[in-house]
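Taking it in order: structure first as structure tokens, then the write-up.
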Amino acid sequence: MKNKRKRPSKKQHHNSFKSFWIIALFAILPLIYGVYLCTPEIQAVFFQATKVSRPNVARPNYSHDENLKIPVSQFPLTEQIIHHKGYTVSYNKDKKIPNWVAYELTKQKTQGNIKRNERFIADPIVKGGMANNSDYSRSGFDKGHMAPAADMKWSNEAMKESFYFSNVCPQHPELNRRKWKTLEDKVREWAVADSAILIICGPVTNKKSPVIGKSRVTVPSKFFKVILSLHGSTPKAIGFIFKNERAIAPLRNYAVSIDSIEQLTGLDFFSSLPDSLENEIESRIDTTLWSI
């Protein structure tokens, strides 16, 4: 008869288990330490694989988040920021016009088929004074859209909101129907080409700006528009300035750097971008990148 093998005691089994984890810990410590000493490229691969957030690892895939849409004013500004379905507006109740309007236009949104509304109405969310149709009657100025109706044909609600008085300014007819419209058409082409772009536009006023109507709606002396594209072949941005008068010159004649618009308006655009990228795209004017 063979002798039975004696089973290890519970205490011996516990000590063996404990020894195993001590050895495993000493084995893995050099690996963890090595990751923190390795090159940034290897670090990036490691932390991406383990889904650990590393704030110092650059991420090239920028998106048009809400922070990009909101310019930072360098001076006190009377405003009510309203987020509509199709655009965000900074409305000035004293001037009865927007300070700026911002929206993202995607390739998909340009393919909508909602018909133009044509009926201008009060913005129900605005607190304070607002223009009305009688203010513009026989004033010599159009009700000029900031976020154009043609960019809102992807939604009935967005189309309706584009005709709020919080989205329009007194605009010279020969600007509104000429080069301002030409630029709006170009913006849609750029949205299709680059999949998505961000647009911020608005009026330029001063203390001596004239007013129209009983509501005393401020008439801008100029208009600006800045466009940011982050989804094309290379990140790029461009600005435009138009005097509030007849405009018939080629579109490229109105192109300016975004830096110059920031100096004119006191607004800091796209401040949430990395500084190096923001400085690069806002300081230059390269109309060839935009085919104008």
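From the backbone N, Cα and C atoms, a Cβ is placed for every residue, glycine too.
Feature list (source: TrEMBL):
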ACT_SITE  HIS145  active site, proton acceptor
BINDING   ASN176  Mg(2+) binding site
DOMAIN    83-276  domain 'DNA/RNA non-specific endonuclease/pyrophosphatase/phosphodiesterase'
DOMAIN    84-276  domain 'ENPP1-3/EXOG-like endonuclease/phosphodiesterase'
TRANSMEM  20-37  transmembrane segment
Under 8 Å Cβ to Cβ from the residue listed as 'Mg(2+) binding site', same chain, six or more residues apart: give me those in sequence order, or none if nothing qualifies. ASP142, GLY144
Can you tell me how many other Cβ atoms are located within 10 Å of the Cβ belonging to HIS145 (active site, proton acceptor)? 23
Find the average pLDDT over the domain 'ENPP1-3/EXOG-like endonuclease/phosphodiesterase' (84-276) in the predicted model and report it. 98
